Amino acid sequence: MDGETAGEKGSLVPPPGALGGSALGGAPAPGVRREPKKYAVTDDYQLSKQVLGLGVNGKVLECYHRRSGQKCALKLLYDSPKARQEVDHHWQASGGPHIVRILDVYENMHHGKRCLLIVMECMEGGELFSRIQERGDQAFTEREAAEIMRDIGTAIQFLHSRNIAHRDVKPENLLYTSKEKDAVLKLTDFGFAKETTQNALQTPCYTPYYVAPEVLGPEKYDKSCDMWSLGVIMYILLCGFPPFYSNTGQAISPGMKRRIRLGQYSFPNPEWLDVSEDAKQLIRLLLKTDPTERLTIMQFMNHPWINQSMVVPQTPLYTARVLQEDKDHWDDVKEEMTSALATMRVDYDQVKIKDLKTSNNRLLNKRRKKQAGSSSASQGCNNQ
């Protein structure tokens, strides 16, 4: 670990007029708003240069609580109304089921600028898809996918019950607490979250591969955005590739927007051949293009595939093998999405829609060519 130098420690100082205080505050009860601590975060935490991740509004660093030695994650946000909103929404959700906990928040000066520092529990188990990729030959089953979706749904249910829309539910924001088998999956990064009771959600900010159709145009949107994202994540969990693709190398192409708007996707074989009809039906209900027809979170949680996950078939899926084979591509996709997160403010009325006849799922075509060249490819599922 790289400890902070005296210079680094000195760069994170209390704002003018701030008073000292004590150590690790622990997570507040869900929904409780607290004021940031005004003394230096380095009084309580030893900072590292190790970057754990990049959020929508700031990077996340490794840190250690000085008294307990507890390893934590520190997110630095330069103070702004947007940053305050992120802290507020995450604080309201912190302590909820399957949501990353906030331990402390500080208001300090960094390089002469006021900033907010969010200390969170460290999610040492890594991202959802990385964990599945690393399984090797161990089969990933439909029942496991159902259990994962139930956990994600539990987090969304908690947020929606408090009239918070997350608006950026995606695999990269779903992290495990540890590498252990009993690790808990949790949702993080509230950089795009908004309260749905104050005003209609009209800001076109999102990660393109998991965006609901109504976000792609001037229509208002709400919690149903999160339900659409659940459908996309569920689709990927069950086969290893997303239902919608950009064919141009852009983060989001006109053709991809068109397919999302029209709800154009399929369940191609062999990856979907043995997946249950219940699972496919649930995906169809989540990917409805009309938000008023899409399932609510309560309906999702009450669907048999979710609330009776113990009777979901333990069918081996292609998911782990597909994710492993396309690992380099998935890293590229994630980079595209990360770079697009804060900048996607598109005037969709000005975009020329690409002819669907010229649109192909290039990743799926690539997989099919590989399968055609190997007579054993169609048996891959049985060898996981």
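Placed from the backbone N, Cα and C atoms, the Cβ positions cover glycine too.
Residues or ranges marked as N-acetylmethionine in Swiss-Prot (evidence: similarity to another entry): Met1.
According to Swiss-Prot, the feature region 'Disordered' maps to 1-33 (among others).
The feature ATP binding site is assigned by Swiss-Prot to Leu52, Gly53, Leu54, Gly55, Val56, Asn57, Gly58, Lys59, Val60, Lys75, with sequence analysis given as support. Listed in sequence order, Val60, Leu61, Glu62, Ala73, Cys122 are the same-chain residues six or more apart from Leu52 (ATP binding site) with CB atoms under 8 A from its CB.
Among the features that Swiss-Prot reports, phosphothreonine is placed at Thr203 (among others).
Among the features that Swiss-Prot reports, phosphoserine is placed at Ser253 (among others), with the record citing similarity to another entry.
Close to Ser309 (phosphoserine) in the fold, though at least 6 residues off in sequence, lie Arg143, Ala146, Glu147, Arg150, each with a CB less than 8 Å from its CB. Here Swiss-Prot flags Ser309 (among others) as phosphoserine.
Annotated region 'Autoinhibitory helix' per Swiss-Prot: 309-345, in sequence order.
If you take the C-beta of Thr315 (phosphothreonine) and look for same-chain residues 6 or more apart in sequence within under 8 angstroms, you find Thr141, Glu142, Arg143, Asp274, Val275, Ser276. Look at Thr315 (phosphothreonine): DSSP puts it in coil. Residues annotated as phosphothreonine in Swiss-Prot, with similarity to another entry given as evidence: Thr315 (among others).
Residues or ranges marked as motif 'Nuclear export signal (NES)' in Swiss-Prot (evidence: similarity to another entry): 337-346.
Sequence annotations record features per position, and here Swiss-Prot assigns region 'Disordered' to 359-384 (among others).
Per Swiss-Prot, motif 'Bipartite nuclear localization signal 2' is recorded for 366-370, and the stated evidence type is similarity to another entry.
Annotation source Swiss-Prot lists compositional bias 'Polar residues' at 372-384.
Among the binding-site residues Leu54, Gly58, Val60, the residue whose Cβ has the fewest other Cβ atoms within 10 Å is Leu54. DSSP assigns Gly58 (ATP binding site) to coil in the three-state reduction, placing it in neither a helix nor a strand.
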